[in-house]
Amino acid sequence: MQTTSLSQFNIPSPPPKTTILHRKTTSSRRLSPIFAMASTTAPPSRHQVTHSMPPEKIEIFKSLESWVSENILPLRKPVEKCWQPIEFLPDPSQGPDVFVEEVRALRQRVLGLSDEYLVMLVGNMLTEDALPTYQTFVNTFDGVRDETASSPCPWAIWTRAWSAEENRHGDLLRTYLYLSGRVDMLMVEKTLQYSIGAGSDVGAENNPYMGFVYTSFQERATFLTHGNMARLATKDGDPVLARICGTIAADEKRHENAYTRIIEKLLEVDPNTTKQAIASMMRKRITMPLHLMYDGQDPNLFEHFSAIFQKQDVYTSRHYAEILEFFIRRWELEKLEGLTEEARRAQDFVCQLPRKIRRLENRTKKLESRQVKFSWIFNKSLSV
């Protein structure tokens with residue numbers, strides 16, 4: 001079996017203390033349960049369904065435009081009150097001496113970060129920086145897309161504002177990594193270009209019911225992930241990076257709240273269709289948005305990143321189950337009444353799923369010992 005390495009990111013560090021584990025995979029059917037349930041790509045052979053929402057349902061979303069104006073658009077943060085990346089970074093406007101000293105201090109702090117942490121930070125940066133993919137994705141939703149790229153429709157206004165806020169995340173993480181000197185930015189940037197070009201296939205079928213289920217789940221997943229990264233950065237002695245990750249997590253939480261409200265409203269006005277959409281996305285699995293990431297070499301790059309997140313307890317099948325349990329409570333899915341037979345079956349499936357995922361988590365821990373080791377190549381020339 002050919003050994004796969006992520007050494008192309010050329011992450012230098014203090015003398016290596018650990019080795020990182022991975023397993024080579026070729027499809028989701030060969031992945032451990034955590035990968036198959038929580039974070040991997042969809043099976044390559046999945047048939048893509050498009051425009052599955054009946055045309056008459058578009059009127060529901062048209063009728064909700066005033067509701068969006070009153071309940072979703074206020075969740076935008078005015079630009080003048082938003083943080084900007086430069087507030088967390090060495091500021092060249094302070095003069096060359098101060099700037100160089102601040103860069104030197106940053107590089108000293110990141111020496112305390114583990115190799116695994118830096119890999120996860122690269123993964124998060126790539127995910128955040130692939131923003132064109134996500135705005136494209138949302139603009140495939142029938143009934144809510146931005147038809148002109150500057151539409152005054154409330155749905156479109158929200159999408160543009162959400163995208164503008166999210167844009168700062170990748171900018172900040174990428175600049176921090178660049179200044180750290182600990183990653184090969186050329187390979188990172190190539191990987192980003194490859195990955196945006198590959199796109200994303202999360203199975204939403206141009207259907208806003210399914211699409212907003214996905215964005216609700218995804219925003220909460222990124223909220224938890226960035227929050228866990230903040231915790232680890234604090235532990236490893238980089239309080240500035242901890243504040244960066246925590247600040248990004250707060251944005252993700254606010255965005256999660258917006259998409260969660262949308263599903264709450266859809267459950268109110270069209271519970272049967274919404275419940276079936278939730279079950280449909282759960283059956284397909286909520287895959288992470290950059291699941292088709294590629295670096296020009298490794299066809300299983302996303303699975304290898306996912307293995308490290310799992311190993312470091314930053315995003316695991318436990319988190320996946322907790323997110324689903326959160327939404328079952330938040331949307332009161334167990335209490336819905338008056339459903340059609342099909343929607344009741346969907347209700348039963350979704351409400352029982354967390355227990356099944358938790359059972360698989362125990363199997364995952366046993367499978368970890370079978371993974372194959374790979375080593376990082378360190379840049380010995382790093383200086384602070």
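Heads up, the Cβ atoms here are built off N, Cα and C, so glycines get one too.
TrEMBL labels come from automatic prediction, so no person has curated them.
Small disclaimer: the values here were computed from a predicted structure and weren't measured.
Noted in TrEMBL for the protein shown:
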COMPBIAS  1-11  compositional bias 'Polar residues'
REGION    1-26  region 'Disordered'
BINDING   GLU128, GLU166, HIS169, GLU252  Fe cation 1 binding site
BINDING   GLU166, GLU219, GLU252, HIS255  Fe cation 2 binding site
Spatial separation of GLU219 (Fe cation 2 binding site) from GLU128 (Fe cation 1 binding site) - C-alpha basis, Å: 11
C-beta crowding around GLU219 (Fe cation 2 binding site), within 10 angstroms: 22
Candidate with sparsest Cβ neighbourhood (10 Å radius) among GLU128, GLU166, GLU252, the listed binding-site residues: GLU166
Cβ neighbour count (within 10 Å, all chains shown) around HIS169 (Fe cation 1 binding site): 25
Other CB atoms within 10 A, centred on HIS255 (Fe cation 2 binding site): 24
Rounded inter-Cα distance in Å - GLU219 (Fe cation 2 binding site), HIS169 (Fe cation 1 binding site): 13
Nearest-integer angstrom distance between the alpha carbons (Cα) of HIS169 (Fe cation 1 binding site) and HIS255 (Fe cation 2 binding site): 13
Integer Cα-Cα distance in angstrom, GLU166 (Fe cation 1 binding site) to HIS255 (Fe cation 2 binding site): 9
